[in-house]
Amino acid sequence: MPIDAYEESSEPGEAKPRRPVCIVAEDSEVTAKMLTKMVKQLSDFEVAVRDHSGHIVCALMDVNMPNTGGIDATRKIRFWETSSRGTGFRVPIIGLTGSLSRAVEEECFAAGMDAFIAKPFQIADLRQLLKQYSMTTASL
């Protein structure tokens, strides 16, 4: 486990591991709850649907969210990662889309997404992507 995955304990000299975090960026509350349940079932990840400052190992990003869509959000994340404020860690981003068109696929990859999956999908497909793109896969 990376060093930054430890947080300080109340006891001097002890460190307790934090659970890795999977961010879920999804505008549908029902879909967000379903994704949260699936990720928890497949891994030991903590799931966050809002901002989180923990050890983020992956993000599940809805491509078509209102306001800032998943493609724009991915571009902003990739820009931040390469800026002077970035940590040097590249968060794997898995796009979630209702479309399987070649144009959407190209736009997702051009924005910096690592993979995408079409909704609805099977839990085995999500398991495979989490294994492939997250750093902590021991329980998958």
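Here the Cβ of each residue, glycine as well, is placed from N, Cα and C on the backbone.
Please treat TrEMBL annotations as automatic predictions, because they have not gone through curation.
As written in TrEMBL, here are the features:
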type    : residues : note
DOMAIN  : 1-134    : domain 'Response regulatory'
MOD_RES : D62      : 4-aspartylphosphate
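When DSSP labels each residue, the domain 'Response regulatory' (1-134) comes out as 51 helix, 30 strand, 53 coil, counted as helix, strand and coil in that order.
Counting only residues at least six positions away in the same chain, the Cβ atoms of A25, E26, D27, S28, T31, G69, G70, G95, L96, T97 sit under 8 Å from the Cβ of the residue listed as '4-aspartylphosphate'.
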